[in-house]
Amino acid sequence: MKIAVLGAGAWGTALAVNAARAAGAGVTRHQVTLWARNAAQVQALQAERANTRYLPGIALPASLLLQGGGEASLGQAVSGQDLIILATPVSAARSMLTQLKHAAVPVAWLSKGFEAAVFAEPASASLAKPFGLMVHEVRAQVAPDLRAGVFSGPSFALEVARGQPTALVAASEHAEVREALVAAFHGASLRVYASDDMVGVEVGGAVKNVMAIAAGLCDGLQLGLNARAALITRGLAEITRLGVALGARAETFTGLSGLGDLVLTATGDLSRNRKVGLLLAQGKTLAEVLESLGHVAEGVYCARTVVQRAASLGVDMPIAQSVVALLDGKLKASEAVALLMEREPKTELDCY
C-alpha cells in the first residue's frame, strides 16, 4: 500500500516510521511518504535520518520517503497514493482539507481538538455559532464529498515510534476508509479497531485533553489516588454527556478513544496536558507553563470552546468550567478543587 503522511511532527513521524517498518506476520511492507510543509525541516530530516526535534533517538527507516516545501510538493506527495494521513495540528485542518477536497482516496486525520474559530459560512444552521469546530465539522464545510475518517486512541508518539504495543481506533462512516486504515497500520505493534462513530471518537480525543489538565492539577496538589480516580471517572461522564449531545453514541466513550485516551493522558508522564496541570499547581502562570512546554498542549487552547459548546447545548461540565477559570487566572488551584467538592449531591449515572 502507498501511504502519504502529511505533517512531520511527533505523531506524524511516529506513524510514518511504524508503517514504513511494518512487514512480516501477514503484513506487507508499505511505501510511505512523510511530507513536511517546511523545506528546511525536510532537509534536516534527510540529512539526519531522524526527527531530532520531536523524536530524538528514533531512526527513520531507509525506505521512508521524505518530501515537502509547499503546495506544489503537497500535490506530488499525495499523487498516486492509496491512503492519505493528515497529521497536522487542528489549526491547519481547514487549509489542508480544502486542498485535499478532490482526493480520490481515503483521507484520515490524527488531530485532536477544536479550531480556534469558525472561518467560513457554516454548512448548517446548527454550526452558525462563534465556536471552534472539530475536524469532522470542518470537513463537512470544506470537503463534504471527501471519504474521510479519524484515527485516534490512547497513544504517545514516542512509544508508537519505538514499536511498543498500542491500540487505536479507525472511525469513519465509510467502510472503505476503515478498511484502508486497518490494512495500513494493523500489525505487530499496532492493533486497529474499527468504528463508525466519528463524532464520538473525535469528542473523546479532543475533550480528554481538558480533563488531563485537571488530573495534572490533582496530582500536583498531591490530593491522592482517590481524588485522581474520582476526577477521571467524573471527567469521563462530562465527556460522554457532551458527546451524546453532539450526536455520538454513549458506548463509544467506554472504548479506546474515550476511557482509554483519557486514562493515558490523565496519568502518563509523557502527557503535555497533564504537565500543564502539574505546573499550574506549582504556582506557575499560564504564560510560564506554555513557554516551558515547547510543544502544543491542545487542552489549553480548546478548553474554552468545550465549555461554550456545552453551554449552548445545556450540558453540565463543572470540571471543564473549573479548568477554564484556572487558565484565565480567575481561580486558584485550591479554590477550583473546593468548588467541585462543594457541588450539590447528584445521582451518579444520571448523565445523558
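From the backbone N, Cα and C atoms, a Cβ is placed for every residue, glycine too.
Over in Swiss-Prot, the protein carries these features:
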type	residues	note
BINDING	Trp11, Arg37, Lys112, Ala157, Arg272, Val296, Glu298	NADPH binding site
BINDING	Lys112, Gly153, Ser155, Lys208, Asp261, Ser271, Arg272, Asn273	sn-glycerol 3-phosphate binding site
ACT_SITE	Lys208	active site, proton acceptor
Quiz prompt | Long-range Cβ environment of Ala157 (NADPH binding site), under 8 Å and at least 6 residues apart | solution = Ala10, Trp11, Thr13, Ala14, Tyr54, Leu55
Quiz prompt | Site with most surrounding Cβ atoms, counting all protein chains shown within 10 Å, from the binding-site residues Ser155, Ser271, Asn273 | solution = Asn273
Quiz item: Hey, what's the widest CA-to-CA gap across Trp11, Arg37, Lys112, Ala157, Arg272, Val296, Glu298, the NADPH contacts in the record, in Å?
Solution: 24
Quiz item: What's the CA to CA span in angstrom from Arg272 (NADPH binding site) over to Gly153 (sn-glycerol 3-phosphate binding site)?
Solution: 16
Self-check item: Candidates Lys112, Gly153, Lys208, Arg272, Glu298: member of the binding-site residues with the richest Cβ shell (10 Å)
Solution: Lys208
Practice problem: Give the maximum pairwise CA distance in Å, whole number, for the residues Lys112, Gly153, Ser155, Lys208, Asp261, Ser271, Arg272, Asn273 listed as binding sn-glycerol 3-phosphate. | Solution: 16
Exercise. Please report the number of other Cβ atoms within 10 Å of the Cβ of Asp261 (sn-glycerol 3-phosphate binding site).
Key: 29
Practice problem: List, in sequence order, those binding-site residues among Lys208, Asp261, Asn273 whose Cα sits within 10 Å of the Cα of Val296 (NADPH binding site). | Solution: Asn273
Practice problem: Would you list, in sequence order, the binding-site residues among Ser155, Asp261, Ser271, Asn273 whose CA lies within 10 Å of the CA of Glu298 (NADPH binding site)? | Solution: Asn273
Exercise. For Lys112 (NADPH binding site), find which of the binding-site residues Ser155, Asp261, Ser271, Asn273 come within 10 Å, Cα to Cα.
Key: none
Quiz prompt | Under 8 Å by Cβ from Arg37 (NADPH binding site), same chain, sequence gap 6 or more | solution = Gly7, Gly68, Gly69, Gly70, Thr88
